[in-house]
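Chemist: One structure, pasted below without further comment.
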Amino acid sequence: MFFITAAVLSMVKFNQQSYRPFTAPWWVWLVLCGVSLSGAVGVKFVGLFIIFLVGLNTISDLSLLLGDLNLSLMDVSKHFLARVVGLILIPLFLYVTIFAVHFVVLNKSGPGDGFFSSAFQSRLIGNNLHNVSIPEYLAYGSTITAKNLRIAGGYLHSHWHLYPEGVGAKQQQVTAYLHKDNNNLWLVRKPEENDSESRTPVLVRHGDIIRLEHKETTRNLHTHLHEAPLTKKHFQVTGYGTNGTGDSNDLWRVEVCGGQKGDLVKVLRSKVRFLHKATGCVLYSSGKTLPKWGWEQVEVTCSPYLKESPSSQWNIEDHFNPKLPNISLSVLKPNFLEILLESHIVMIRGNSGLKPKDNEMNSKPWHWPINYQGLRFSGVNETEYRVYLLGNPVVWWINLVTLGLYVIMVAVASVAIRRGLSLNQNSLEHSQVLKRGGGLLLLGWLLHYLPFYTMGRVLYYHHYFPAMLFSSMLTGVTLDILFKSSDLLLQPIYSDRLKVAGWLLLQFSILYSFYLFHPLSYGMMGPLAHESGSAMAGLKWMDSWDF
C-alpha cells in the first residue's frame, strides 16, 4: 500500500512537470514512479494493478504528445524512450536485482523444497540433493522417489487412505505431494517376482516393464478404466494388492524421453515416462488440487493422451541401493534466469491454487465496499484477546455513497458545460479536477477491485485494501469539490461556514467511529460482544458482523 500510494503520487507529480520535460524534477518523479512500481509488485503480485494504471496514464500521455504538431517525431521518440527507461527498464532491473539478493541470502534447504525441481533443490545447502553422491543408474531393487517435471507437480505419493465411495474404485489413494515425505518412497520391482534378494543388481533400461511397490503400504502402483477424480477423461491411479502381489494392471513400461531401447535410466538427469502396459495410458500429474478427502494434495491420473509434456514426465530424485556404487553426480545447476522463472511459476501456481477450506471464512468481492463482513483473527472466549478485522464503518459507507455522488456530480458538470451555462473560472477548474483527477482515482479503484471477481482462489477482506486507498482519495476529491461548489448557491459567508461545518462533521464522525470500534483492533477481553458489559455492546450494526 505504501508503494502503491508512492507510485500514484509520483505519477501525479510527473504529470505536473509536463510543461518542462527532461528537466531534473521531471526525471526525478519519473524514476521515483518506476521505483515505486517495482516495490509494489515486489511486495505483492496485486501490485500489477498499479502498473496497469500507470501504463494507461502513460499511453494517454504519449497519445497527446503524438498529436501535438509542435513536437517533431524525434521529440516524441525521446519522450517514449524516457518512459521505457523510467517505467520499464529501471523497475525491471530493481525487481530482478532484489531476487538476485534473495537467492544469494536464502540459499538453505527448507520444508518447501519439494515445490521446486530437482535441479533447483540441488543448489540449496542442506538439501539431500546438494553435492549429492548416489547411484548413477536406476536398478531393480532400488528405493526411489519420482518427481513430476511440471512446476509444482509434486512427488509420486501414496498413503493408507482410500478413495471415498463414488470416486472410482475404493482403493488406496495415489497423489502427488509437494513436500518430502516417507510416503513418497517406492521400490522398483521386476514384474514377476520380488527381487530384493538378488545378489547382482540389474539396471533398468528404456522399454523395460517394471512394477512400483509403495514402500510404506506394500501396494503396487495401479490403474484401470475407472475415471479419475477430477480430470474425467483420464483414468484413476490407485495403490492395489498386498505385499507386492497384485494383477496385470500393476505393470508399467519405462521410457526415457528421447531415448532408444536399451538406454539406461540416469538418476536426476533422465526425463522418464511410465506407460501402463494394459491400457497404454501415461502416468500424469494434472496439477489440480484434490478435495479434503485427498488431503488437498495434487491429483495423479493416467492420461490416454500420449503427447509428451512436463505433466507426464518424471525424474528419479532420491535413489537408495546399497548394492550399487555411489558417485558424485555433476548435476547441471540452473542459471539465474531459470531459477527466477521457476520461482515465479511456483508462486503463481501456488497462489492460484489456494482454495477455500471446509468451514473457512471466505470473503467475496461484493462484501468489501459495503463492509458486509470482517475477519476474525484471534480469540473465542472471555479470557483471550479477541481481535477482529473490520473497516471503520463511517469511512467505508461514506466512500460507498461518494462513489455514486461522484458519478452524479460529473454528469451534472458535463451537462452544465455542454448546455453552455455561464460558470466562473473556479467552477471550470473544479470541473476539470473532478473529471481528470477524480477519473484517474475511479479508474484506480476499478483496476484494484473488479479483477477479483474473475479469481477462483480463496479471497480475504484485506484484498480490498488497495482499492480502498483509491476510494478514500476519490472521496477526498469529491467532497472537496462539493463543499467548494457551495458558493454557486450560497453567499460567500454562508458558503465558507458550510465548508468548515462539513469538514468538522466529517472529521468528528471518522474519529468517533474509530473510538467506538477501536477495541476490535486493539483486542477485547472480558464480556462477549452480545453481553451488556462488553466494550462492543450495541455496536453490531449489521447482522453479518460476527465479532
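Any Cβ shown, glycine's included, is placed from N, Cα and C.
Residues or ranges marked as domain 'MIR' in TrEMBL: 135-191, 201-257, 262-319. Taken from TrEMBL, the feature transmembrane segment covers 26-59, 80-105, 394-417, 438-455, 461-479, 500-518.
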Chemist: At a C-beta cut-off of under 8 Å, are there same-chain residues at least 6 beyond the transmembrane segment (80-105) that contact it? List them, or none.
Modeler: 22, 27, 30-31, 33-35, 37-39, 41-42, 54-55, 58, 62, 336, 339-340, 343
Chemist: Suppose I define contact as three or more CB-CB distances under 8 A, residues 6 or more apart in sequence; do the transmembrane segment (26-59) and the transmembrane segment (500-518) meet it?
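Modeler: No, the stretches stay apart by this measure.
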Chemist: Over the domain 'MIR' (262-319), work out the mean pLDDT and round it to an integer.
Modeler: 92
Chemist: Could you pull out which residues elsewhere in the chain have a CB under 8 Å from any CB of the transmembrane segment (438-455), counting only those six or more residues past its ends?
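Modeler: Same-chain contacts beyond the ends: 8, 46, 49-50, 52-53, 56-57, 352, 365, 368-369, 403, 406, 410, 463-464, 466-467, 469-471, 473-474, 477-478, 481.
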Chemist: For the domain 'MIR' (262-319), what does DSSP give as the number of helix, strand and coil residues?
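Modeler: Its residues fall into 6 helix, 27 strand, 25 coil.
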Chemist: With helix taken as DSSP H, G or I, strand as E or B and everything else coil, how many residues of the domain 'MIR' (201-257) land in each class?
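Modeler: Looking at the domain 'MIR' (201-257) with DSSP, the answer is 3 helix, 29 strand, 25 coil.
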Chemist: Please give the sequence-distant neighbours of the transmembrane segment (394-417): residues at least 6 beyond its ends with Cβ less than 8 Å from one of its Cβ atoms.
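Modeler: Sequence-remote neighbours of the transmembrane segment (394-417) are 369-371, 423, 428, 430-431, 434-435, 438-439, 442, 445, 468, 471-472, 474-475, 478-479, 481-482, 506, 509-510, 512-513.
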